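Take a look at the structure set out below.
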Amino acid sequence: MIAWFGGHHTGPDQIYTDDQTPLFVLTLNADINMYICRMGIHNIVILVVVATVVSYVSAHEDDRVREYVEGMNGYNKRAENLRYQYTIKSWAYNTNITEYNQKQMTEMSLQWSDFAKKEASEAAKFNLSAMTDARLIRQINMILDVGISGYHNSDVLRKIAELEAEMTGIYSSAKWCKTPTECLQLEPGLTAIFTNSRNYDELRDAWKGWRDVSGKMMRSKFQEFVTLMNMAIKAGGKYPDMGAYYRSWYDDAEFENDARKIFDQLAPLYDELHAYVRRKLKMHYDPKHFPSSGHIPAHLLGNMWAQQWNNIYALLEPYPGKGNQNITKAMTEQKYNVTHMYRLAEEFFVSIGLQPMPDSFWTNSMLVKPPDRDVVCHASAWDFHNGTDFRIKQCTIVTGEQLNTVHHEMGHVQYYLEYKHQPYLFRSGANPGFHEGVADIASLSFQTPEHLKEIGLIQELPNGTEGDINFLMKMALEKVAFLPFGYLIDQWRWSVYRGETTPSNYNKAWWDLRCKYQGISPPVARSEQDFDPGAKYHIPDNTPYIRYFVSFVLQFQWHQALCQVMNNTRPLHRCDIYKNKIAGDRLKMGTHSVGLLLVLVTLVSFVSATEDERVQDYLQGINGYNTRAANLSNHYSLKSWAYNTNITEYNQKQMTEMSLQWSDFAKKEALEAAKFNLSAMTNASLIRQINMILDVGISGYQDSDVLRKIAELEAEMTGIYSSAKWCKTSTECLALEPGLTAIITNSRNYDELRDAWKGWRDVSGKMMRSKYQEFVTLMNMAIKAGGKYTDMGAYYRSWYEDPKFENDVREIFNELAPLYDQLHAYVRRKLKMHYDAKYFPSSGHIPAHLFGNMWAQQWNNIYDMLEPYPGQGSQNLTKAMIEQNYNVTHMYRVAEEFFVSIGLKPMPDSFWTNSMLVKPPDRDVVCHASAWDFSNGTDFRIKQCTIVTGDQLNTVHHEMGHVQYYLEYNHQPYLFRSGANPGFHEGVADIASLSFQTPEHLKEIGLIPELPNGTEGDINFLMQMALEKVAFLPFGYLIDQWRWSVYRGETTPSNYNKAWWNLRCKYQGVSPPVARSEQDFDPGAKFHIPGNTPYIRYFVSFVLQFQWHQALCQVMNSTRPLHRCDIYKNTIAGDRLKEMLQMGSSEQWGEALFKLTRGTNAENRKLSAAPLLAYFKPLQDWLTEENQKAKENATWDKENCPSGSFVTVLNGAPTIAATGSLPMLILAFIAVSCLQFADNESK
């Protein structure tokens, strides 16, 4: 990336020409000369007049500049908005190193370059000589100095950004393999070796290994990087090379010389420390390892770069045991965790009157290394330039050294917080070293024995000279040891940019400096094949390093001043500013003696308030966005309803036109919303709504023909699905509902089930395969064009507002899999007892058509074949409903009464008038059950081809649960009228089912005569629930695994169906009952594929509903087992549920989850498998025991489908090379022979 840290903007030289100066000013200057020459000094009146006019012109120019720089939408506002976007992309890459994130960051860096270039052109139009306000002049000069961004060739700038990202990527993902099975990254693996090992050879191997896999791998990239950087900076004409540009940040022509003088003053102190350490190390390691030149081998100093030596303090302690401070040990004993470390640092700064970390810091920071991806572990603090978002990125582990780093990084954040009121251009340290020095202010106090004792990390203070020397030695190993390293890195880099050090001697020049200034030598011979500078993060990341040397000097100047301000009486090295607000106030205000730019003023909130008011009016005004969107959504829903309840070409076209209207609306509104300044807003609800409007998905695509085609394809696919009929005979053709569903539900004939299973796939999925392929292509094209998402799957996952979502659901599934595996084994054994065992492959899979469900997603329809204890508490709800003369309306009234009993609302009258509750006999409809919100606050409906069965009664409760959610969040703005995440809506819809299906509830509403008693009845009930809830889990998980893979391009059209069955075989343990091929398209036989409905929501919902159920049962003080708890008629549970429902999507879903679960054992802001596992634990224990008794192995071949499941088809016929078994090959041979025979006979 191209970095602009420290508020330095890159750009061309400042050049003024006559035509850039306003004509009036030129004329005025000429007039002044004329008066002076002709009239002389005697005519003072005229001169005073002229002076007044000049003053007016200066004031006028100041006003123009002030409006340009600090106006409502001035440079500072525009720059911070763009910088916020850039920082977001940079954060994404640094916390998830992927090629996509690298490209996104690169694109933003180029946008910044273009912005800087254009703004420099604008700034050059002002006449600096006509200005008087020094503050404005300073800002204009900063804008004009655009560094490499002024370079005209954007391809070069892109390449620079790519090279930098590639080098940091190499560094951050590098691993050294200690053994073939043990590969270590820098943190924590290699760092742990350097910190703890005292084995010469192990340290040497790790030292060399890191350099082999990091620096060595980027040498050619760095060479090209330097060439391009110099080319770009020289083109501006102001700087001879990049090093000169970086030094210009210190506003001192003598800076390089001054830094050298300071180092020379400090060198004698370092030299004495070096000699002492060398002697001590020789006592531990064999002296033969130490060269006669006096250098120390670089790998023995407890740090990968020998930059700080405090990790080997134990080898160097002057007076053993005198005031020893093993901070890491104390932290471990006191059970410190990472959060505690950050809270401790926060408390330090708050104690001196600085600010606590904002809530967003704790939410957004990356404080530990994620286990699932490569990140840039190098600790850093981040300002997102919106006034509220400040973060730290650190792979923190619990050690004393890391606790010091935590204080350091939080010091940066304190600097951000104190100057955030400044204009964007002034939001940086006074020079780059200031930021690092301020960050280290805390460390000089934090590490004092006095401070460590006060916070409980040491028991007593070191006494006397010996304890004092030990403490100073520890500080010197951190502070003094660093000085030559901090000084030399940019000596090398500047030399490279000057051309004094060339690629032919990169590594030799590096070691010449390290030998000279640090007095260290490489432990193994180096060559120009190596590139050891690149083994230090700041080289590939292009971070100038002299700032750290400067900061180490400045922090002692500041420390001395602060200790004097607070009238400290201790020695300087034992002074602690902790809890001293006098020192804190001086730090905040700044002192002229050290030039801090931390001037604290009262923050003016006028701009923020004004922007909030503008956004409020835009969103919620009389005809604001939310009203317009609700009206349009109502029209769209009406057209969609018309099509779904009457599938005609006319209705399809009407729905398509409305979808295009919605796309146009979303596009236009996003442009309007983009005009607001998010960084100037303070109202979180308004900010959230604006961000929702900006994220338009595919609607933002410019080509309306493509959007029309997408809408048409989706309607055509759902039309194929919903009107498909399989002809069982020439006179009996069946739709999915009720015909095929009745066969799959009720038949126990293997062949009949197989034919219905295959028949449905032949007339549904198979018929839409080419349409789906085109649909995917267009969807990806449209979403990628927006630049925010890599593919449609990434867009769908973004709805969960959690970058770890995909990994989290994988972990949840893995936790639940053992329960499913036990259920699968039991069901397999029972089905083998009913059907001939020959139908069951030896791989352990179950033929997919035998589960009583077209997709094998839920198995409760075959409960009669699986019942553990026949007749014990059996619940044949369908039979009971028929005997009691239930009709469809009665089913909905039963569901309504359930929700009303817990304090929720009855269905409005329009529900009963407008819903489609049974399948019309005269037309094709989309029978798939769904609940509808017509966005007008009064019209809510259900569309379901309801029939009188127990399973359908459960579905009725489910769909009405959706409507209850609609009714409860109806008061929210349109943008928040949805579930907190998509899984919430499905989970809420199922809340009722966990109570409705309990024996206690069924008995109370008269559908069973008595409760099941004892363990046997309990197991039977849990089995029924497991066949619905547990059996679904892998199906709910795998559908979007397939879909995401398709959108990513990992699954291509050539293997759509094979990839589908690979997942079903792996996760569900089911196999196709007839061989499948790529002529088939079995995903399309499930509504949610042609209907383009993301499916992971259902998996999420099945987890969430048990979390909520456990919490509600605890809130109402239920004493029954979790699986027998019924919230029916309990308004306490209903009130808690309403609290969450009424939030809609107004907050991130973790907060909504917490709202319901707070104060219970289920309290959480994340998904948790624990409540579901607790619910089914009695059954899991029983299943495990039963399977063991029957010697039934609770697994299957999870890597492969059974042999013969999939065949390759060419021109409609299986090939001999098909992936089948020997029997399949024999059948193929017979078929070919028969064809030859028939051919011969016809001749």
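Positions of Cβ are set from backbone N, Cα and C atoms, glycine also.
TrEMBL has this to say about the protein:
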type	residues	note
ACT_SITE	Glu409	active site, proton acceptor 1
ACT_SITE	His538	active site, proton donor 1
CARBOHYD	Asn646	N-linked glycosylation site
CARBOHYD	Asn683	N-linked glycosylation site
CARBOHYD	Asn887	N-linked glycosylation site
BINDING	His958, His962, Glu986	Zn(2+) 2 binding site
ACT_SITE	Glu959	active site, proton acceptor 1
CARBOHYD	Asn1013	N-linked glycosylation site
ACT_SITE	His1088	active site, proton donor 1
**Q.** Pairwise Cα distance for Glu959 (active site, proton acceptor 1)/Glu986 (Zn(2+) 2 binding site) [Å, integer]
**A.** 9
Q | Additional residues around Zn(2+) 2, ordered along the sequence, whose Cβ is within 8 Å of the centroid of His958, His962, Glu986 | A | Ala931, Glu959, Gly961, His985, Gly987, Val988, Ala989, Asp990, Ser1101
Q: List the residues of the same chain that sit at least 6 positions away from His538 (active site, proton donor 1) in sequence and have their Cβ under 8 Å from its Cβ, in sequence order, or write 'none'.
A: Ile489, Pro544, Tyr545
Q) If one measures from the C-alpha of Asn683 (N-linked glycosylation site) to the C-alpha of Asn1013 (N-linked glycosylation site), what distance in angstrom results, rounded to a whole number? A) 56
Q) Reported as an integer number of Å, what is the Cα distance between His962 (Zn(2+) 2 binding site) and His1088 (active site, proton donor 1)? A) 18
Q.
Nearest by CA distance to Glu986 (Zn(2+) 2 binding site): which of the recorded positions is it, out of Glu409, Asn646, Asn887, His1088?
A. His1088
Q) In whole Å, how far is Asn646 (N-linked glycosylation site) from His1088 (active site, proton donor 1) when you measure between their Cα atoms? A) 19
Q: Tally every other Cβ atom lying within 10 Å of the Cβ atom of Asn683 (N-linked glycosylation site).
A: 16
Q: Give the number of CB atoms, excluding that of His962 (Zn(2+) 2 binding site) itself, located within 10 Å of its CB.
A: 22
Q | glycosylation sites (Asn646, Asn887, Asn1013), the one with most neighbouring Cβ atoms at 10 Å | A | Asn646
Q: To the nearest whole angstrom, state the Cα distance for the pair Asn1013 (N-linked glycosylation site) and His958 (Zn(2+) 2 binding site).
A: 28
Q.
For the recorded positions listed here (His958, His1088), tell me which residue's CB has the most neighbouring CB atoms inside 10 Å.
A. His958
Q | Distance, Glu409 (active site, proton acceptor 1) to Asn646 (N-linked glycosylation site) (CA atoms, angstrom) | A | 62
**Q.** Pairwise CA distance, Glu409 (active site, proton acceptor 1) versus His958 (Zn(2+) 2 binding site), rounded so that it is a whole Å
**A.** 50
Q) At the level of the C-alpha atoms, what whole-angstrom distance separates Asn887 (N-linked glycosylation site) and His958 (Zn(2+) 2 binding site)? A) 18
Q: Around the Cβ of Glu986 (Zn(2+) 2 binding site), how many other Cβ atoms lie within 10 Å? Please give the count over every shown protein chain.
A: 24
**Q.** Glu959 (active site, proton acceptor 1), number of other Cβ atoms within 10 Å
**A.** 22
